[in-house]
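Structure, as structure tokens:
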Amino acid sequence: MLKTRALSALVMAPPALLAAWAGGYAFAALIALAAALMCWEWHRMLNGGFPLSGRVASVGCAVASLLAVARPDIGLGFVALAALASAGLAGDDRSGRSWAGFGAVYAGLPSVILVWLRADPVAGNAVIWWLLLVVWSTDIGAYAFGRLIGGPKLLPMVSPKKTWAGLIGGMISAGLAAFLVALAVGAVAGAGVFGVGAAVAVVAQAGDLFESWIKRRCNVKDSSNIIPGHGGVLDRVDGLLTAALAVAALSLATGRTVLDWQ
């Protein structure tokens, strides 16, 4: 399983980094595909199938990601429309409508945000690379520290395998990755960028835990089985979704990118 997981990661990482480097519609197309698949997986977990509400969400979130290249505001509007339409088509059960609508927001909002972050003509490429490498380092560090040290569980009722050691290991690995990427792109790296990386690691692991809670609620092991060794797209990018929102919120609140923290 570990070998399969590693091989899948090696296959997926280069296209993601290449698309991030290319930017524009190349990056948006990758994000659009991921958004559509995430909506499919969301409804698959909730309903065991792909109803009309899920198909509408998939198309809406994919279109939103593409529109965000030129007009992020219109992209966000499409996410809202996809959520409302998906909820309206989900049937008469209020809970079912809420979960259907939330699925479109869960997949679509971070997708538009990622395209928006990449669209920055000055720092967009570096910020996306920083974000991807920080989130991947979080996963690697959390896995390694959790396996090597073990110890008390982080939230056993949601994810029995995650430990406090894994959380700390993920923070350290992410902080180091943030620092090294900042150095590599010529930014003035210091304790600030290390701290931002470590904080993003916490947010990423919270996203991982949220998706674990959803899977437990739906009584499924993985969001799908399309990625050997990893499960589904949501299983692979759950931390990235929340991390992207955190990075965008930090940038909007401070007027600085994650690379500007010294």
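Cβ coordinates are placed from backbone N, Cα and C, and glycine is handled just like the others.
TrEMBL entries are annotated by machine, without manual review.
Straight from TrEMBL, the features:
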- 1-19: signal peptide (SIGNAL)
- 20-40: transmembrane segment (TRANSMEM)
- 52-68: transmembrane segment (TRANSMEM)
- 74-91: transmembrane segment (TRANSMEM)
- 98-117: transmembrane segment (TRANSMEM)
- 123-145: transmembrane segment (TRANSMEM)
- 165-185: transmembrane segment (TRANSMEM)
- 191-210: transmembrane segment (TRANSMEM)
Answer with yes or no whether the transmembrane segment (123-145) touches the transmembrane segment (20-40) by the criterion of at least three Cβ pairs under 8 A, sequence separation 6 or more. yes
Are there three or more C-beta pairs under 8 angstroms joining the transmembrane segment (191-210) and the transmembrane segment (98-117), sequence spacing 6 or more? no
Are there three or more C-beta pairs under 8 angstroms joining the transmembrane segment (52-68) and the transmembrane segment (123-145), sequence spacing 6 or more? no
What parts of the chain pack near the transmembrane segment (165-185), using Cβ distances under 8 Å and only residues at least 6 beyond its ends? 126, 129-130, 133-146, 148-151, 154, 193-198, 200-202, 204-205, 258-259
Taking residues 6+ outside the transmembrane segment (74-91), which of them lie with a CB under 8 Å of any CB in it? 51-54, 56-57, 59-61, 63-68, 97-105, 108-109, 111-112, 115-116
